[in-house]
Amino acid sequence: MSHKFSRRKFLRNSLLGTGAMTLGFPALNVSAQEAKIRCGVVTSLSGANRFGGNLTRRGYDLWAEEINKLGGIEIAGTRYPVEMFYGDAQSQPASGADAAERLIIQDEVDVLFGPYTSGVTLAVQPISQKYRVPMISGSAESPNVWLAKPAFNFGMIPAVDLTTDKSMVVLADTLGDRAKTASVIGVDEPFSKETAEGFRKGVEESGLDLLSYELFPAESDLSAIVSKLKSTNPDIVAVGGHESVFINFVNTAKALNYKPKALIMHYGVTSAAFINETGSESNGILGVSVWTAGLPYKDDLFGTASDYSDLSFSRWGTRPDYTEAACSASGLVLQDAARRLGKAPPWNQDTRAQLAKAIEDTDIETFYGPVGFAKEGSHYHNNTKPVPVVIQIKNGDVVPVAPENASKGELTYPIPGAS
Amino acid sequence: MASKPVQTPKFIVRALLIGAIVIALAVLPAFIDSYTLRIATGALMWAGLACAWNIVGGYAGYISFGHSAFFGIGAYTTAILMQSDFGASFFVTLLPAIILSIAVAVVIGGPTMRLRGAYFAIATWAFAEMLMQLVTVLDFTGGTAGLSLPAYLNEFFFYYTMLIAAAASFVGVWLLIEHSRFGFRIKALRDDEPAAESLGIRTNLVKVQSFALSAAITALFGSIYAYWTTYIDPHSVMGPQITDQMVVMVLLGGLGTIWGPALGGVLLWITNRYIWSTFGDTVIYLPILGVIIALVVLFLPNGLISLLVGRQRGKELISNILRKF
Amino acid sequence: MDLFLQTLVNGILIGGILICLTIGFQLTFGVLHVIDFAVGGWAMLGGYTAYWLVTLAGIDPFISIFLVFALFLLIGRGLGPLIYRVRTSRYARPDLMALAFTFGLFLFMRGGALWLWSYNSRSVESVLSGQFLSLGPVTIPLMRLSAFLMAMLFSLGLFILLYRSRFGMAVRALAQNRDHAGLMGVDVKRVSAWVYGIYTGLTASAGVLIATIYSVNPTVGIRYTLFAFFVAVLAGLGSVGGVLIAGLALGLLEAYVATYIGARYSLLIVFGTLYLALLVAPKGVLGRGI
């Protein structure tokens, strides 16, 4: 064989070189430590749940920007700036686990902010536990997340089984004799199915007549579902799903000349995208939210709930929903726990375990509402304090309508133009 | 190709090379951090999966879009048996996982492998989608909520388990297909099915055997994967992305070769994770990956392995592959 | 009974959407023998183009569909020679290589869309959005009806093109035997490129209607690819006529299962039926190509 430089040889060598580089590169990536608090965000920036994943990121980022304007988190008289690192979970549990491990090992984060979905959260939990990195989840809402009693994971939003049945009962009480029957539909996927089950439980508890309960696969055509609802026309229709399903449901129902007398959904109704995309059709739709800008909560960093809403609007151009609010509030929890811990970063494993203990003892008021984590039971480490409110969309605004003490407006029933 | 006298040294060189790779892989965990080890574990898994797919896709010439079904069968068998109701230990679950996957492969393989080319490909995809929907609506699989397994977070355990499984798969394929009568039958079937039949090869049997072998290896990796990630749900272990990845890895590496799938699997997985972690806060890795795939198809149609084993050799190997898709 | 009739209409209209999506794919399979993984990607891009046209320029999807067709006809025409080159390369398994190539293309489209237009679902508004026609107990959504009519128009147009024009004759010759067609003086490369262009144009136009009926986001493509593949094999790959039967059959099956057995089981039964149908009729319902 000749020793001349050939194209094949060149290609072969560059191929091997690239392989070696990719293998070797991560190991070289050792950066100098500064006195910063390094926060890792594992969330779905792509894949099926990219919509909500990016909302969580906005929430976490907004907190980081605001606290850094003040110079960072104050611990024992000194302020330590916050640095954010991101890992895309690609809406897949395994990628979430990869991302968490990378953030912990290579970016050496002191604390994690949790994924958008419950599935990814479940896959990340063992890793946060293994390396003793506290993880504050501003989003995961499935009750399954808390069943395994994760020592290092804390959830800001009460699990859906706590919120949906309560709000269905509240809605039924408010409507009184006007509503007698209800139907529940939901997407057959983790969060949505539990939402639908919560609604069903609420229907049974409130003594309404359950006309139908039906799950359907994600991305299926909704004309059959809508036609069936139309033929029985229940007084309340409850939908468990994400915002894209709501948009399709509303569009399909309109095209089939059907408008339920009351339509209640859960996540995503309060998001700006839903209101924009459905336009005037969103008018009168009910939602469950653990937070709205009208609530009378406040804290030192963000001010009142409505101040937060204005800030978020000026930063991102859309009004925040409760996921963004809960994610921003996750930062406040960290701030408070770090202050009580009183140890300067970087934190080693033992300090992080103490930090987790400090987070467990959280008892604060924020713009998002009161935060405190359950220390036992089936909702271990879930913040069960927020009370769900039933909201109604009126001309593009989100208005709390029930329960009575949180109400800012009259519940419109039936929705004008209902079948 | 090399003439007779140089064959012995070449064999020695190759044996030395393989030995060096094996030793390097065995001592690798001592030199890298646990995140990199995680990526390496993933790379071994994908190499093994690509090798499994290659049995049916490369050697037998049947393009399966349904291998995620077998991956899911393995993952779910392990996950279900490791729930507290059964409380089986991990290694105990491997046997039922493999037996179940072989059983399913035999039952569906017979009728499905009468289909040709694209029909076979899409029928297997339909089967995989159907199985995913079935797992979603059943209760004992955890439905959409998925299943959590007892977390055993020893990265060395998983690395070596994957390494042994991958090595066993490659050695098994090498022995069975490159050095046995079975291998000749499979290739005969691929190159000319009617001719193979007229020579007395029971083509239906050979097809089902290769399908079952491929399914069993895929399920084995599914089992390990479930224990490794600690949480599975229908989409994450039965979604079409699993099969897509296997197909692309084999195509990029080199179809119907022993080392092609290993190369494709390892390289693509590392590139995937590298781009993903470098551009972590954007989604730009998807278009980049797309362009890389298209470029390799355009300029290296025999797969990356053709660069390593020599162009002539690669062309020879692959141009023998059937044209009946 | 009312629900039964409504389900019949729902099923036929779903069938119309499936036909729209698959008809171009059949043409390209029948002629180029390419299984184009990017079929869902083309539909997604068509939907986005319509979205931007209506959002930025106020052009209704019913007008922009023609612009989309023209635009994607040219894009496909430009890309066609590449596809042709991959498909006819001297290397083994060019069919698989074409599949891999279009898979890369699909990843590129999906990732590019995600990168450029981010993640949320977009509704495409048209004058007919939310409009319906009431026929006794049955409600017919006008958008879906237009998709059905468009499907019929696509099929008719394709038939006329294939069987009543010189270009169509060349295409049919090509579909039967590429080498012979070349010998008979057909410019194989050029015709192939135009066929690919027609396919991308039709699929992107179908994407406009689908986006208007549902909504569009960067990751919808894979579902559409799946359904296009399924309708196509049920029809018999390459059979344009079979698509009409297969699309309607799948649409009706999905609607009736969702209504009377349970929406939860609709996809399970649709995929299961498809799998069994393939085992029984391995070459699809009509069982022959163009």
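Just so it is clear, glycine is given a Cβ too, placed from its N, Cα and C backbone atoms.
Listed in TrEMBL:
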TRANSMEM  B:12-32  transmembrane segment
TRANSMEM  B:38-56  transmembrane segment
TRANSMEM  B:88-110  transmembrane segment
TRANSMEM  B:117-137  transmembrane segment
TRANSMEM  B:157-177  transmembrane segment
TRANSMEM  B:211-228  transmembrane segment
TRANSMEM  B:248-270  transmembrane segment
TRANSMEM  B:282-300  transmembrane segment
Surrounding residues of the transmembrane segment (B:211-228) on its own chain - C-beta under 8 Å, 6+ positions past either end: 41, 45, 48-49, 51-53, 55-56, 60, 62, 64, 67, 70-79, 82, 90, 93-94, 97-98, 100-102, 104-106, 109, 113, 149, 152, 158, 161-162, 165, 169, 172, 176, 237
Tertiary contacts of the transmembrane segment (B:282-300), as residues 6+ beyond its ends and Cβ separation under 8 Å: 248, 251-252, 271-272, 275-276, 306-307
Which of B:88-110, B:157-177, B:248-270 contacts the transmembrane segment (B:12-32) most, counting Cβ pairs under 8 Å: B:157-177
Close approaches to the transmembrane segment (B:88-110) from elsewhere in its chain (Cβ under 8 angstroms; 6 or more beyond its ends): 69-70, 73-74, 77-78, 81-82, 127, 152, 204, 207-208, 211-212, 214-216, 218-220, 222-223, 227
